[in-house]
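*Asks:* Provided herewith is a single structure, encoded as structure tokens, for subsequent inquiry.
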Amino acid sequence: MNRLFGAKNTGPKPTLSSAISTTDTHVESLDVKLAKLNAELTTYQQRMSKMRDGPGKTALKQKALKILQRRKMYEGQRDQMQQQSWNMEQASMMTDNLKNVMTTVDVMKSTNKSLRKQYGKVDIDKIERLQDEMQDLMEVGNEIQESMSRSYDVPEDVDEAELDAELEALGEEAEFEGALGMGQGVGEMPGFMQDEVPSFIDEPPEGAKVKEAAG
């Protein structure tokens, strides 16, 4: 059986990269052979251009034709192998793209699984309750700030017209008291204070003492 079908190959299977490399090596060897044939054809053409028609030139021409046939055969093989190499390169690129896609899909799956696991622990209702509590606390804080910033001396609603009238009245009262002071003299006690002595004063004013002595 081994003679008919050969022994089973136990070596590593070829890959696209190795196949492309082998094909490119064959193409390079064909290019070397074609360059050698082109050099021979150039030499034969130069020799035939200097020869006259005859048996020698005819024999040289037959050799040149055979070289030309070999060159066409090598060119056909090179073209086929270049096409094969290109097809394998396309297959390799498609394989790499597929691997990248599969890697991306695997990453997306693992990320999705992780997100589900994390978001599964989140209670939306609890978050909404926390938001409501925060809003209530903010309102309470604002009320406290308004209460602390309230003024105790000045009423909240003040009429500017009333303030102007009160200020004008104070001015008139000051003028009236100044006129009375000029009439009584400097240092003399006003009349409304002469007859009344507060209970917390031990001795009456000096003016009152003078008045009693005279009486």
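The backbone N, Cα and C atoms fix where each Cβ goes, glycine too.
No curator has checked TrEMBL annotations; they are predicted automatically.
The model shown is predicted, which means the values in this text are computed figures rather than measured ones.
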*Asks:* Name the residue range among 80-113, 182-215 that TrEMBL annotates as region 'Disordered'.
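*Replies:* It is 182-215 that TrEMBL describes as region 'Disordered'.
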*Asks:* With TrEMBL as the source, identify the stretch among 1-20, 121-140, 161-180 annotated region 'Disordered'.
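*Replies:* My reading of TrEMBL: the region 'Disordered' range is 1-20.
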*Asks:* Can you check how the pLDDT averages out over the coiled coil (27-54)?
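*Replies:* The answer is 89, the mean pLDDT of the model over that range.
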